[in-house]
Amino acid sequence: LLLQVSCLCGSAPCLLCGCCPSAKNSTVSRLLFTFFLFLSTLVSIIMIIPGVEKELHKLPGFCEGSGSVLGVPAHLDCSSFLGHKAVYRVGFATAAFFLLFAVLMVCVRSSRDPRAALQNGFWFFKFLVLVGITVGAFYIPDGTFTSVWFYFGVVGSFLFILIQLILLIDFAHSWSQLWLRNAGESSAKGWYAALCIVTFTFYATSIAAVVLLYVYYTKPEGCTEGKVLISINLVLCLIVSVVSILPKIQDAQPHSGLLQASIITLYTIYVTWSALANVPVQSCNPTLLVRNSTGSAMATQPLTTWWDAPSIVGLIIFILCTLFISVRSSDHPQVNKLMLTEESGAGGGGEAAAPEGGQHRAYDNEQDGVSYSYTFFHLCLLLAALYIMMTLTNWYRPDERLQVLRSPWTAVWVKISSSWAGLLLYLWTLVAPLVLPDRDFS
């Protein structure tokens, strides 16, 4: 028992020693911090379950002094949107936790820095800190907290969506290169057939999704915004698909092709769907749900549908993206340089520090230099916490009277802007070798 307690208070390798395959100290630490993020996400999901939401008013302090801030009237119904408020407070606590470590880990260069021990150890105390901040967040007076924190969530979510897009583009390029390399080495036509089938499937799914968006989110008369947004993104997806197979692009980047374009297209259509699900016009948005201060639904759907299909897909993408950040290094030096992961670490050394004989299966690989930026990693998890906070609440926010929970146009334009940014970013990866021929984009 004492040994187990010492492991919880000690370094990351101790936690996995003897129970997992050979692992680096840097990878284990990232996984454990990601576990904290997932744990907070699970708590947030529990908070928005209708049965749990109805009981949140029993939490001491959660419904006290709700209107005592910045001159807001004190006659607010504290029982309104308790699940929504709880998710915001858990998101605030998680973001504050990672911001604290981002500040503490500034300019850590190797595991010899005393602060590196704080990054890679003391997990039990870190858990207590996270729990303490979360409990304290529930004592934040209501007032304008939810309205103000909404905009912090919007900005953080936009930045995290951009990180998702960078990782998605990198994943698409790596996937295509791997299959083309396998096809070239084995001279097997099966790899080319698989490439064509997957690409066709992605495009077919995208086309079907576009048709469904026109059917369910537009009307023959009206819903002009939805028609315009769907059409613009459809045209942009066609443009990047055509550009990806132009002869000059193929000469500069032989591995570029329709597989990457199909993945980006499918993701763009998903973001478009997610944006249209926030259009605050009932006739143009069948998934729109407005909740009044008593928690009742002002729409035909049951109450539980206010956490809808786009949010579920967003949650899955969030999980995959954060795991990607935690365990994988890119095959492309440019992405590693941006994300500051394994291959681009200060030293990348420490491999020789792995114990021999297999007695210990986790080891410190950062004695010569950190293999990822501690601060940047925590900032990524901070943005991820804000993104999942907005996803679980459908980007809804209370109106000016704090009596009705609505979907604002802000959410629509932030999501659409992120889809445009992603398409432009992917287009730049295609044309960059032609625009900057002296740089290495291999």
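Backbone N, Cα and C define each Cβ position, glycine as well.
On a predicted model such as this, the values are computed, not experimentally measured, just so you know.
Sequence annotations record features per position, and here TrEMBL assigns signal peptide to 1-17.
Panel annotation: around the transmembrane segment (31-52), residues 12, 15, 83-84, 86-87, 90-91, 93-94, 97-98, 101, 123, 126-127, 130, 134, 303-304, 307, 315, 318-319, 322-323, 325-327, 377-378, 381, 384-385, 388-389, 392-393 of the same chain, lying at least six beyond its termini, place a Cβ under 8 Å from a Cβ of the stretch. Taken from TrEMBL, the feature transmembrane segment covers 31-52 (among others).
The transmembrane segment annotation in TrEMBL covers 86-108 (among others). Proximity of distant same-chain residues to the transmembrane segment (86-108), defined by a Cβ-Cβ separation under 8 Å and at least 6 residues beyond the stretch ends, is recorded for 33, 36-37, 40, 43-44, 47-48, 53, 56, 62, 115-116, 118-119, 129-130, 133-134, 136-138, 140, 145-146, 149-150, 152-153, 156, 370, 374-375, 378-379, 381-382, 385-386, 388-389, 392-393.
According to TrEMBL, the feature transmembrane segment maps to 120-140 (among others).
Annotation source TrEMBL lists transmembrane segment at 146-169 (among others).
If you look up TrEMBL, you'll see 190-216 (among others) marked as transmembrane segment. Here the transmembrane segment (190-216) has Cβ contacts under 8 Å with residues 176, 179-180, 182-183, 226-227, 230, 234, 237, 257-259, 262-263, 265-266, 269-270, 272-273, 276, 286 of the same chain, all six or more residues outside its ends.
Per TrEMBL, transmembrane segment is recorded for 228-246 (among others). With a cut-off of 8 Å between Cβ atoms, the residues of this chain six or more beyond the transmembrane segment (228-246) that come close are 206, 210, 213-214, 217-218, 256-258, 260-262, 264-265, 268-269, 272, 275-276, 412, 416, 419-420, 423, 426-427, 430-431.
Look at TrEMBL and you will find 258-276 (among others) tagged as transmembrane segment.
Feature annotation from TrEMBL assigns transmembrane segment to 309-327 (among others).
Taken from TrEMBL, the feature transmembrane segment applies to 376-396 (among others). Packing against the transmembrane segment (376-396) from elsewhere in the chain are residues 30, 33-34, 37, 40-41, 44-45, 48, 84, 87-88, 90-91, 94-95, 98-99, 101-102, 105, 152-157, 159-161, 163, 277-278, 291, 306-308, 310-311, 314-315, 318, 321-322, 325, 339-340, 405-408, 410-411, 414-415: each is 6 or more residues past its ends and has a CB under 8 Å from a CB in it.
The feature transmembrane segment is assigned by TrEMBL to 416-436 (among others). Listed as Cβ neighbours of the transmembrane segment (416-436) (distance under 8 Å, sequence separation of 6 or more from its ends, same chain) are residues 158, 161-162, 165-166, 168-169, 173, 229, 233, 236-237, 239-240, 243-244, 248-249, 252-253, 256, 260-261, 264, 267-268, 271-272, 275.
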